[in-house]
């Protein structure tokens with residue numbers, strides 16, 4: 001997930017730090033055109049200092065964007081080279097069932113992992129209580145899965161989920177629950193992976209929500225207590241409404257991250273797993289087309305589809321935020 | 001009376017938090033316990049909780065099945081190169097955008113920010129082609145290069161540098177410093193917390209990444225640890241104890257660093273609000 005990590009609320013960062021308007025502009029206007037060069041006193045230094053970062057950006061990010069679009073419209077192989085022919089690849093992908101299945105799987109996965117947000121909210125509220133001992137101890141334990149390698153934890157979970165001798169089945173058997181081969185069964189594999197997704201993301205969600213809680217003024221909680229509100233009532237009537245901006249941020253990040261899911265599925269299901277065909281996510285499909293079947297043009301199409309889906313889902317979330325997010 | 005009530009409530013809170021914490025760490029406990037069992041014991045039904053005989057040999061066995069030594073070296077070298085490169089590249093770009101006035105500042109900054117919003121898969125195929133064209137497949141620089149130029153670092157540091165007062169640069173300029181000197185002696189030292197956060201996050205990405213290293217370095221000697229682990233799983237039946245021992249060893253460095261630098265870790269996550 002690291003090469004070009006899909007980031008944060010990037011749009012917020014676009015505001016320039018300083019504009020040569022305001023007071024400076026007024027003085028400049030009085031003195032006429034001769035002062036114009038001063039609007040950009042650092043042109044040369046900017047060019048020198050930006051040369052290397054910008055070259056890297058062009059080679060490893062901007063050119064690849066263009067190249068991916070061109071590839072998606074091309075035919076050929078790595079040996080023969082590629083030539084632009086039109087929308088055939090797009091038609092092949094969109095007419096086939098595989099990409100739609102993967103899209104549905106990815107959205108289902110994202111939706112399930114989103115259920116981790118309310119869990120993190122409750123935990124964050126519990127941890128926020130003053131005079132609670134061992135806060136940092138708990139925080140550490142909840143955060144450990146965030147720093148552990150997905151490949152490694154996926155192996156552990158695969159072993160736990162094993163249908164023949166897995167720990168989960170033993171525990172479920174003891175309490176009379178259903179047992180099965182969780183990650184080898186097409187009916188449950190995706191959900192089993194999503195549970196691990198929730199487990200891994202809980203720490204991150206918790207940290208961001210906890211930071212949001214720090215900003216909620218204590219006087220409001222106290223006022224609600226004086227009015228006779230119990231802890232549950234305070235949580236729903238005071239904490240949650242004031243926390244909606246953080247909840248929104250966490251939800252957006254959770255979905256963007258889920259749309260990138262690859263490692264967990266790659267390890268937990270493995271290539272020979274009978275459930276794999278019905279559980280592929282969009283990034284898994286991308287990897288398979290582009291680097292296992294070596295059909296780069298088709299891989300490029302799938303990559304572009306992820307972009308469209310990510311933008312669409314994020315846009316929907318931003319649109320919906322007006323209904324439930326309150327900025328104090 | 002209210003004190004008693006709040007104490008009782010804390011008991012409930014502790015029970016809930018403890019149960020949750022147990023769920024969070026139990027996979028690691030199970031991993032550790034399994035890593036000490038024999039293969040036969042690890043697949044027994046019903047499972048034993050504690051290993052019958054402690055087999056530390058599983059840890060050394062991990063070193064015999066795959067070239068763990070070279071994989072660890074690759075992982076470390078890639079991490080160092082990527083972190084150093086990213087810090088340098090990102091701090092330079094962030095400084096230029098946050099503190100200098102020049103033509104095309106807006107459009108150029110937009111180029112960096114646009115990249116942030118694009119899912120990484122869009123870059124992967126052409127990045128692979130670039131690395132192959134340079135003849136760098138199966139090398140350390142292949143692992144580190146694209147990540148060094150990630151716009152994510154630029155964004156994090158830019159956000160931070162914007163908050164520093166403009167008087168700093170002005171005072172330095174009056175003293176005759178040029179932008180390079182201001183960057184090096186004034187701005188960079190003030191960015192230590194942001195640089196620390198970026199170092200930690202980039203290390204985490206680099207150490208744990210799977211997709212990119214899986215694609216560019218395919219010779220066992222040149223793989224990173226996560227890729228090595230992934231191949232180990234498929235390679236020979238599945239020796240669960242060895243697999244658990246190996247995966248435990250590979251997650252240990254980051255967990256240790258986290259325990260030592262917890263505050264910086266958490267600040268980094270909160271600052272960038274990102275998903276690791």
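In case you wondered, yes, glycine gets a Cβ from its N, Cα and C as well.
Fair warning: this is a prediction, and the values are worked out from it, not measured in the lab.
Residues or ranges marked as transmembrane segment by TrEMBL: B:12-33 (among others).
Sequence annotations record features per position, and here TrEMBL assigns domain 'ABC transmembrane type-1' to B:72-261.
Among the features that TrEMBL reports, transmembrane segment is placed at B:76-97 (among others).
Note on the transmembrane segment (B:109-128): residues 93, 97, 146, 151-152, 154-155, 158, 211-212, 215-216 of its chain, located 6 or more positions outside it, place their CB under 8 angstroms from a CB of the stretch. Annotated transmembrane segment per TrEMBL: B:109-128 (among others), in sequence order.
The transmembrane segment annotation in TrEMBL covers B:140-161 (among others). Outside the transmembrane segment (B:140-161), and at least 6 residues removed from its termini, the chain residues within Cβ reach (under 8 Å) are 74, 77-79, 81-82, 85-87, 89-91, 93-95, 97-99, 109, 112-113, 115-116, 123, 127, 131, 187, 191, 193-195, 197-198, 201-202, 205-206, 209, 212-213, 216-217, 224, 271-272, 274.
For the transmembrane segment (B:182-207), same-chain residues at least 6 beyond its ends with a Cβ under 8 Å from one of its own Cβ atoms are 75, 78-79, 82-83, 86-87, 90-92, 95, 99, 143-144, 147, 150, 153, 156-157, 160-161, 164, 168-169, 172-173, 225, 253-254, 257, 261, 264-265, 267-269, 271-272, 274, 276. The feature transmembrane segment is assigned by TrEMBL to B:182-207 (among others).
Sequence annotations record features per position, and here TrEMBL assigns transmembrane segment to B:242-261 (among others).
Beyond its flanks by at least six residues, the transmembrane segment (B:76-97) meets 105, 108-109, 112, 140-141, 143-145, 147-150, 152-154, 156-158, 160-161, 179, 183, 187-188, 191, 195, 198-199, 202-203, 206-207, 213, 224 of its own chain at Cβ-Cβ distances under 8 Å.
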